[in-house]
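Copied over from TrEMBL:
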- B:E154: active site, proton donor (ACT_SITE)
- B:E313: active site, nucleophile (ACT_SITE)
- B:R115, B:N153, B:W321: substrate binding site (BINDING)
- B:C119, B:C159, B:C161, B:C164: Zn(2+) binding site (BINDING)
- B:16-392: domain 'Glycoside hydrolase family 42 N-terminal' (DOMAIN)
- B:403-609: domain 'Beta-galactosidase trimerisation' (DOMAIN)
- B:618-673: domain 'Beta-galactosidase C-terminal' (DOMAIN)
Amino acid sequence: MSVLFPKIPALLHGGDYNPDQWLDRPDILEEDIKMMKKAGVNTATVGVFSWSALEPQEGNFQFGWLHDIMDKLYENGIYTVLATPTGARPAWMDEKYPSVLRVEKDGRRNHHSGRHNHCMSSLEYRSLVEKMDTKLAQEFGNHPGLILWHISNEFGGECYCENCKKRFQEYLREKYHNNIEELNKQWWTSFWSRRFDSFEQIEPPYDNGEHSILGLNLDWKRFNSWNMKDYLAFERRILKKYTPQVPATANFMKLFEQLDYVDLAKEIDIISWDGYPSWNNDYETPADTAAELSFDHTVMRSLKKDKPFMLMESTPSLVNWHSFNKLKRPGILRASSIQTIGCGSDTVQYFQWRKGRGAAEQFHGAVVDHLGRDDTRVFKEVSEVGEILKKLAPVTGSKVTSKAAVLFDWSNRWAIKDMQGMARDTKNYEKEVRKFYNIHLKKGINADIVFPLEDLSSYSLVVLPMYYAVSKEAGEWLKEYVKNGGTVVATYLTAYVNENTLAYLGGFPGAGLGEVFGLYAEELDTLYPTDSNSVLMKDGNKALVKDYCELIKLTGAEVLGTYESDFYAGMPAVTVHSYGKGKAYYIGTRMEETDLIKFFTPIWSECGIKEKELPEGVEYLTRTAEDGSTFDFYVNYNATPATVQLAKNGTNLLNGEAVSGKVEILPFNAVVVK
Amino acid sequence: MSVLFPKIPALLHGGDYNPDQWLDRPDILEEDIKMMKKAGVNTATVGVFSWSALEPQEGNFQFGWLHDIMDKLYENGIYTVLATPTGARPAWMDEKYPSVLRVEKDGRRNHHSGRHNHCMSSLEYRSLVEKMDTKLAQEFGNHPGLILWHISNEFGGECYCENCKKRFQEYLREKYHNNIEELNKQWWTSFWSRRFDSFEQIEPPYDNGEHSILGLNLDWKRFNSWNMKDYLAFERRILKKYTPQVPATANFMKLFEQLDYVDLAKEIDIISWDGYPSWNNDYETPADTAAELSFDHTVMRSLKKDKPFMLMESTPSLVNWHSFNKLKRPGILRASSIQTIGCGSDTVQYFQWRKGRGAAEQFHGAVVDHLGRDDTRVFKEVSEVGEILKKLAPVTGSKVTSKAAVLFDWSNRWAIKDMQGMARDTKNYEKEVRKFYNIHLKKGINADIVFPLEDLSSYSLVVLPMYYAVSKEAGEWLKEYVKNGGTVVATYLTAYVNENTLAYLGGFPGAGLGEVFGLYAEELDTLYPTDSNSVLMKDGNKALVKDYCELIKLTGAEVLGTYESDFYAGMPAVTVHSYGKGKAYYIGTRMEETDLIKFFTPIWSECGIKEKELPEGVEYLTRTAEDGSTFDFYVNYNATPATVQLAKNGTNLLNGEAVSGKVEILPFNAVVVK
Amino acid sequence: MSVLFPKIPALLHGGDYNPDQWLDRPDILEEDIKMMKKAGVNTATVGVFSWSALEPQEGNFQFGWLHDIMDKLYENGIYTVLATPTGARPAWMDEKYPSVLRVEKDGRRNHHSGRHNHCMSSLEYRSLVEKMDTKLAQEFGNHPGLILWHISNEFGGECYCENCKKRFQEYLREKYHNNIEELNKQWWTSFWSRRFDSFEQIEPPYDNGEHSILGLNLDWKRFNSWNMKDYLAFERRILKKYTPQVPATANFMKLFEQLDYVDLAKEIDIISWDGYPSWNNDYETPADTAAELSFDHTVMRSLKKDKPFMLMESTPSLVNWHSFNKLKRPGILRASSIQTIGCGSDTVQYFQWRKGRGAAEQFHGAVVDHLGRDDTRVFKEVSEVGEILKKLAPVTGSKVTSKAAVLFDWSNRWAIKDMQGMARDTKNYEKEVRKFYNIHLKKGINADIVFPLEDLSSYSLVVLPMYYAVSKEAGEWLKEYVKNGGTVVATYLTAYVNENTLAYLGGFPGAGLGEVFGLYAEELDTLYPTDSNSVLMKDGNKALVKDYCELIKLTGAEVLGTYESDFYAGMPAVTVHSYGKGKAYYIGTRMEETDLIKFFTPIWSECGIKEKELPEGVEYLTRTAEDGSTFDFYVNYNATPATVQLAKNGTNLLNGEAVSGKVEILPFNAVVVK
């Protein structure tokens, strides 16, 4: 068992709470406590963006109100997640220390504004943060209600200031062993006369600067992520100095483009994230939206596979920044909260407890509306979730285990996005990774997301969608995995370039993987959206394929499917190759979900992975307790009841009744079998 | 009677005239006079953008050509509308005084260029303007041909220079009583740590500056409009000093986004505007276009309800800056000119008399083309309008009166546009206001546009579409109106926030209007474009509704319609509530025109407002003379004849014939009954 | 005969070769030579973008590697096209001389980056170039393998620095005879007070500067093109000083918008260009794509009508910068290479010989892939082209002659694009020119592209599509042509403005052309895309017309077609007028290809131009040897065989067999009859 907060042997329910917006309304603050208890809330996240309340003028620290709030929360059984207020700066800071402000891609320094507008390299900023975080840790580190540090908020953005430029140069100097020729080689600067004589000549990719060196672009993205991590580690060190016993988190945002969360995760203790699906939209079913949410949960969970994660923010109703901010339909909150727990979260938290009266997020959904009543639809649905979480308490601390894994890699994503070739708008790396995860979800198979160089020994199957930028080290890592009996399924675009986007010579896949797959891809055909081809599989199945088709030449692999049309009709499209004790499948083109499921079915069987027939729109998720017993979650995302064949009989935690065999699940509801 | 120009007991016909472009062609200037007389022109607008002709170098004033022109025009019975040339600056000014140039949102100062590119706060600019306007007033103030000052041209734009920043801070200091905490409260700066310590910390919303404070954004828009008004008042004061007897105008542009014309109107004597509908487009009928024009005329007329307005600019043929610059079809000019008079204008003026040979507007339609002939289609159509205006002379000075009114408010518009919630692209405030005006137009009902705090005593019905940002004062004003027997019809989104976008607590509508309508809106559902719902009305009618649906709880109101589907099926959608001696209707969702007409029919009847059946595509407009007698305009926008039942019998001013009962109107023609 | 390179009595086959990217891989350099010979390559373009390899630090010149390469190539029968490396600058230069960098439209100086990022006015840059080019010419000018200088690479872009501003002012001063009032008149600066007092007041059209003066905008485009030409001439002078015997080229890009290639062509000896059609796309057939390629070849060829041109770059497979980078299908390379020769090129050259490993173009098609093998599909297709070119050697030096011509003019294009009127998105000047070329191509008629003031005496027919901006001189030129017996076909929009966009007074066409065509256009109607009209031709044909319709009044012309609908039904749409010994046709509206072919059929006959029936998808192209004998190219762009009736019997150069009468051509193949 990996219970996140030993103080609380239960799932957390709560959310962002901004009492500093209501300090002149003690009646409202009192009402908050009453309503929290009514809604079954046991945690509140306080202090996010509170810098100007905590230090209204430089050096004038005001912690009294926060003491009062945390005390009152604690007295009422509500624990505090305490945020460092560093997500935004007070006006006095930007006025006095303008160098803390970010410089944009166009070289202009921002004005005082918004959130996340401080340079992560700024020593002045870090020094002010150090003072604040030190004080906070000293003041509240021993508060009995404190369970978790919440560092800053939703990290993101970039800075192009002179400091950042210099740090970037130092970052490169270290990476390339102070050897400019090593950099020139990896960046292939002999192209277009881009050769550098010194690290000092290198600049960030300003909007009116260098963009043609893909290695530079990629290293800049890496640097920016690294610099953010460096800052995160800096804040955490301060907190740990005074409160080594209190864990720290930073709230992530699923596949956020700019930050390599695999790297950042090293500097936090617990993974938490903010999830805002577009429920009830006009382009997919709620079940489809739920599947995306399961994927996102899985990515986040996979960042620390040894413990549960937290859903730090979600909306009890609408959001306010989508293109269409539709109300969450009744039942969605219930179903998605149970799903969240099923995916490995030990919390359901909201942004926000109470709607503020003004500014950018005044109409973002909240548990308590401007209306202020506790008989609203939303308040009642939140209270129901509170009840459910209490019933699910036994799940607390249990884990999710998987025999299948799908690889995702931020560097690979960046490299593909910037790759000059293929088609501008159909590369869709993230979508493809999601697709390979989804075929597992649809068949009731828990799949992990894995990241390069991770220990793969617990997996019998690893899927490698569009794994384009592969270091030699990563090539070796996969080779070993297959050699030792693992099964991999790779796709078109595998190992074209190394980790710095230098193309492999002598045939793709490079990085030593050619011998693993027993083939090379001579050409990659990019199709227009109206084009398609089909693949005739050995088993007689015909799979429609789109967007990309590799023209494969064999060097040992066995053909499993061939193209049916165009000038490469009859050429291999799908292959398999035995290597060591393992097997390496290769899908040289883009297939659709239903065909992939057909393709994977025998592979799952070979790999000892059990699939499960599920009604359309029902998710089956499993958590495993320390003693090996499991919690089976069946979540019905249909507007009609659904009947499932239980994987095992037991007690439905949601109502305490014994269940067995076939069970009917109500719309947007669930059965959780212990 | 409110005759605008006592010197001229007739409707004005003329337009922008730029003789300064032809000073080297006296033959053309002579030809102009002859052709103007042929076209029935009795006014010319001279001097717009003439600064470099009037003062080619600093201090070198050249008024001789203008004297000649005004003399010659006057001798030929043509009166002059004289513009101050301040719409654009000569090159010498920008060269010598670069600070007169505007600074854009990105903080960069513009180069010498274009029109309206001067900072309204610039004291240097004002000083140069003062010299120019003083000279002009002294030179021409007593010219017998002068009837009107035309101040600058089509005000618009913004400036972000240091001067403007300081003026903005002073503006805020005054508004918030030199109390920064009052501002912090109204702007809800406790959100995201946005609190200000001093007015000096506040900056305009630069593109790389603060945007998350909606109150700041809104006050910036107000400031910009106020600053423009302040400048307008400055120019007017100079002119009034020397020519108190000459009225002044500034040409407006219907619902121009940046300027609160209600406020600017206080600083001019006569409303004038420039109208450029996209006639004969591919997305609506000419009658639809005409309806929009009637709305625009009505907005402009409503700025000064006690007198006629002027159509200062319109094109005799094509414009040159639409996406498609199609020729105005034969008859459109005639029909729309008569409609213009019917809507309350006492002028039909064109941009432009004669096409210039070069630069940005060389192909904008004009009475006289580069061709230079007076036998062109366009010249003949303009001459026909000249004839018609002579026949309509009795209308001069009569007014338009209404018992129904629709509220429009610039601040509300700005607040809705910046509102973070709902959907990005379907808020459509202006379109909704237009819709509520249009249902009146379609039923032959004159409706005014009203603005907050205006005297409502002459109206029996006031419609309040999407009146989102309502001050307490405005709430009181509407309450009083209903209490005293008025009828209001409000919609979803009523009174969510105050005038600074601070949300009302305790239920929407706020501002004290909850008791007037007897309900509160618990939630606002935003639909995707493919979504819809329907409302079953008490009278059995079913109305399709789209985009927005409020979930209403009653506190006294009576239900007139309920939703038919989705999770709020059966909940109230349309209500009515008696309050004091009046009635308050509430439509909690977005209905279409035909359903609204059905809904309003009994309300009009209750309010003593007479509707009139009209054939599709025919407008019925009425002007009332001082003696109470009316001029009834029937304008047929169909390509086929239309037959109307006259509201009263009388003489058709267009041909002098007696008309009664049913009358046939030719295509794109009209009948005007006195 | 105009053989381009007397040393090589054959067609050239080769392409861009970047050995400087592989200096650390002598094995690869050796392999290159072997593979070139295998592929039938006899030329390599070396040194493009090699500055940092040739001068890695300032003054440190490294020519050894280039000597080695050129020697080895020459020893193996491969000639060198040697590029000056001035397409991009090494990092040391931008670091030391920042003023060489361009300033963008927004006034910001670029950072060190990319290619073509140097100010063409920079004296510092020119001085560094002079050193480099002098050295290059001295080192390699007498190398026996050198056949051509390739100056810089794909000129383009603009600079808005202070130097450029001053040069622009000087350019204007010269053009307008140091008379600011002449400029004011031509630019019509009396509009919007835009009058200038001095040339020093004039600025380039910065993004936040002046845009309303169309004359300024146009002169800026002319200046930029002139400045680029001035730079090109500067580089060429250096090379000519040392190697007067070696011709020079600069690779053009078909209708590249920014540069008036007619002007630039004066400063080079041989025309060369880079062609990258989007073969096998989803919006047209390969035959359509081929027709566009023929047009582009023709434009390029027409820049120097007395000799063959060169296809300097093309891809052997895919490109990497289109929206969809699809593989070139088998056969396309063969067909398009033969077509290229048929259109008058004496070379087929590729970008690139070997794919680089990194940076922006690593996945651009190449003869040799990262794979490095010579048994790839692409390598084999390239080798086939090598064989074909050897067989076509007799064609070398022959020319293309035409009796028909279509006018294209860069100034006219710029003027139309900036014209304020018509519709924003349907002006389509280039497309219309292409259309008039295409109707000739479809009927097997060689047509030249002609440019203003060119000698027209060899043409019996000249087509003038949308010739909007016509100087008086050009008007006179066309008048003379018709007077002397020529036939012209002009369209709507003819001669509305002079060369500075000043509108002609007294009727369009101006420039004295009214009497040639015997008509004037009173109005120009712009249609919406869903609108259309039709023209009833005298011969009974009905032609659908779209987008633009002129309302024409006759002053002598005979009507050939009248509009059928709208308010101008019955008015003339198409006319003809005899003038002197010639004829002037006028098409006042936009017709489609099939109707234009019907219209031109009798005109071609009158003009003694023979048309030829061709199967759909087959191009017929002719080159003429010095002795008057011809080479007839028939290229089949269908995926099925096509049968053509040969224009003359003879020997098929591609296989040496005699052919006569009807011949079948295989898909994507050709017959070339000598």
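For all residues, glycine too, the Cβ spot is worked out from N, Cα and C.
What TrEMBL says about a protein is an automatic prediction, not a curated fact.
Features recorded in TrEMBL, as mapped to the structure shown.
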{"residue": "B:R115", "record": "substrate binding site", "Cβ contacts under 8 Å, 6 or more apart": "B:F49, B:G87, B:A88, B:N153, B:E154"}
{"residue": "B:C119", "record": "Zn(2+) binding site", "Cβ contacts under 8 Å, 6 or more apart": "B:S99, B:V100, B:L101, B:R102, B:V103, B:Y125, B:C159, B:C161, B:N163, B:C164"}
{"residue": "B:E313", "record": "active site, nucleophile", "Cβ contacts under 8 Å, 6 or more apart": "B:G15, B:D16, B:N251, B:W273, B:D274, B:G275, B:Y276, B:Q349, B:Y350, B:F351"}
{"residue": "B:W321", "record": "substrate binding site", "Cβ contacts under 8 Å, 6 or more apart": "B:H364"}
Residue with minimal Cβ packing [other Cβ atoms within 10 Å] among the binding-site residues B:C159, B:C161, B:C164: B:C161
Other residues, Cβ within 8 Å of B:C119, B:C159, B:C161, B:C164 Cβ centroid (Zn(2+) site): B:R102, B:V103, B:M120, B:S121, B:S122, B:E158, B:Y160, B:E162, B:N163, B:K165
Residues of the domain 'Beta-galactosidase C-terminal' (B:618-673) by DSSP state, where helix covers H, G and I: 0 helix, 33 strand, 23 coil
DSSP state at B:C164 (Zn(2+) binding site), helix/strand/coil: helix
Of B:R115, B:C119, B:N153, B:C161, B:E313, chain C-adjacent recorded positions (C-beta under 8 angstroms): B:R115
Around the Cβ of the residue listed as 'active site, proton donor', the count of other Cβ atoms that are within 10 Å: 18
Per DSSP, three-state class assigned to B:E313 (active site, nucleophile): strand
Max pairwise CA distance, angstrom, over record-listed substrate binders B:R115, B:N153, B:W321: 17
B:N153 (substrate binding site): tally of other CB atoms within 10 A of its CB: 25
Mean of pLDDT values spanning the domain 'Beta-galactosidase C-terminal' (B:618-673): 97
